Amino acid sequence: MDSNHQSNYKLSKTEKKFLRKQIKAKHTLLRHEGIETVSYATQSLVVANGGLGNGVSRNQLLPVLEKCGLVDALLMPPNKPYSFARYRTTEESKRAYVTLNGKEVVDDLGQKITLYLNFVEKVQWKELRPQALPPGLMVVEEIISSEEEKMLLESVDWTEDTDNQNSQKSLKHRRVKHFGYEFHYENNNVDKDKPLSGGLPDICESFLEKWLRKGYIKHKPDQMTINQYEPGQGIPAHIDTHSAFEDEIVSLSLGSEIVMDFKHPDGIAVPVMLPRRSLLVMTGESRYLWTHGITCRKFDTVQASESLKSGIITSDVGDLTLSKRGLRTSFTFRKVRQTPCNCSYPLVCDSQRKETPPSFPESDKEASRLEQEYVHQVYEEIAGHFSSTRHTPWPHIVEFLKALPSGSIVADIGCGNGKYLGINKELYMIGCDRSQNLVDICRERQFQAFVCDALAVPVRSGSCDACISIAVIHHFATAERRVAALQEIVRLLRPGGKALIYVWAMEQEYNKQKSKYLRGNRNSQGKKEEMNSDTSVQRSLVEQMRDMGSRDSASSVPRINDSQEGGCNSRQVSNSKLPVHVNRTSFYSQDVLVPWHLKGNPDKGKPVEPFGPIGSQDPSPVFHRYYHVFREGELEGACRTVSDVRILQSYYDQGNWCVILQKA
């Protein structure tokens, strides 16, 4: 049904429903992806719902499209719910438009998906992936035979251990067995004084000797971890602890191929295919500097070519499809290090870092000290760069401000660079922030702002018609201080006054939708305004620290190695060190330190410079901000402890929990 001719005759109920969905698909593509459709016929079509991102493979879609004519090209961008088809002639594309619009196909999971087609004038897709493996990374194909693979898999006994010769655990996203030494996930290390009895299995001996002879490895391993992954399981991005193991990390893939994601601090991501029966060897930069992990999913985006070759996945969107994962078992071999690590990457090396991470605060005094060092001081340092990334107002906040009556007095508590102070010219808005440098930026923009603590705002009680607090309360380090911040906001409101509050959510994936924080494009150097409290950070490696002494006291904190159990369960951090979060990944603790990679000169008036090249030994300064990320219902629960207030609305907005309060 062509929407341009809908006025020529009366549409049926079914046709109207289809037309609404087709128009919605057009608007969604334009709004979220910038893809503009045209009203006239062309050779090219965009196929909404027909993409790798929603489980439709090239092998499924191409035969459907070819029923309408010769397809010159089928472009399927990775992780996108649409594809582009270019036919040989316009007549063939018109036939596909009429025939396939509204057609149901079954994806690889057996679910029905309806296709919506629209014409496009130009098909362009910017390739961003590099075409080289991380330095020091090697993949050796067919390292063992299929018979040897079967023998190794059959040697693994997943029944509970009774002889304590190896340690077995069932983690949320995989099963593991340790040999030689047990890997302790609570501290991401091994106890070098307590080797497991039995050593490595005898069956591995001949393989290790062969790899040594052929020069694939230089050290004979004395520790092995067997991981078993069901389809849909994975392991978070991490770096194996420097001080725990020698340079080589060696992994043998059995049972099924897999795509492993490698990420450099500069934000470059390299997906690497590990074929069945292949050997992955990580040394040097790839072992010490790049994170590696396996995304939890049931299908991998791979090359459509017949042979699944090892190495980087092609960036050619005309040669991508989906590969269904099978049961994969990996044998990972390491050599336990007996001396401190002296690698060439001291900024990310736990042996060469000098300071220890802060502990979780156990008193109000400790919480105040933590906030001073890991919130207030950090924002003073990063104010210029932070402001350069905070320019696009969030739609729901704009909606709240524009709905207020003309002449309302509004306070923005924690106003940052003041991006909301000028949204509605009919309001009288004042802002306050703990950072002098951010307040100075507000004043440069001719906004009314002053420096103060959000727990003690020097404004008369009951004098505000409304307040907003955006991405502020999650910086307070105890529940009592977070409630006190809410009470201070309510104190400012007149009876009937409203407050809008945003905090960062622990649930960065909600209702089966990932937040923009998780989906963010690490490689794009253009527009980057995200909708959460740390979205300007593009670099996934979080353990980089500055060796610059007291000037960056917030940056000398080691990270938690995310090779521990997956999932989003909050860890008990009382009486323990605060973990450092991996940027653009799910949260594993509610109380975390989040890295900020300072780009260019931190001075406000100077331009921001790009990151240095891969392998640079002078990475950008890294600061760490304290956050308490809120679980679902936690913000509402805190609000209910405040007297004389009721919750008008609560909602989730792109990785944030939000409430609108009204003072009684």
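Glycine is treated like the rest: Cβ placed from N, Cα and C.
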Candidate from HIS178, HIS184, HIS292 that Swiss-Prot assigns to the same Fe cation site as HIS238, ASP240: HIS292
Same Zn(2+) site per Swiss-Prot - residue from HIS219, HIS242, HIS474 joining CYS341, CYS343, CYS349: HIS242
For the domain 'Fe2OG dioxygenase' (220-337), residues assigned helix / strand / coil by DSSP: 8 helix, 62 strand, 48 coil
Minimum Cα separation from ARG328 (2-oxoglutarate binding site), reported as the residue among binding-site residues HIS238, HIS242, CYS343, CYS349 that achieves it: HIS238
Euclidean distance between Cα atoms of GLN228 (2-oxoglutarate binding site) and HIS242 (Zn(2+) binding site), Å: 24
Integer mean pLDDT for the region 'Methyltransferase domain' (411-664): 76
Nearest recorded site to CYS349 (Zn(2+) binding site) by CA-CA distance, among binding-site residues ASN227, GLN228, TYR229: ASN227
CYS341 (Zn(2+) binding site) and TYR229 (2-oxoglutarate binding site), distance between Cα atoms, whole Å: 30
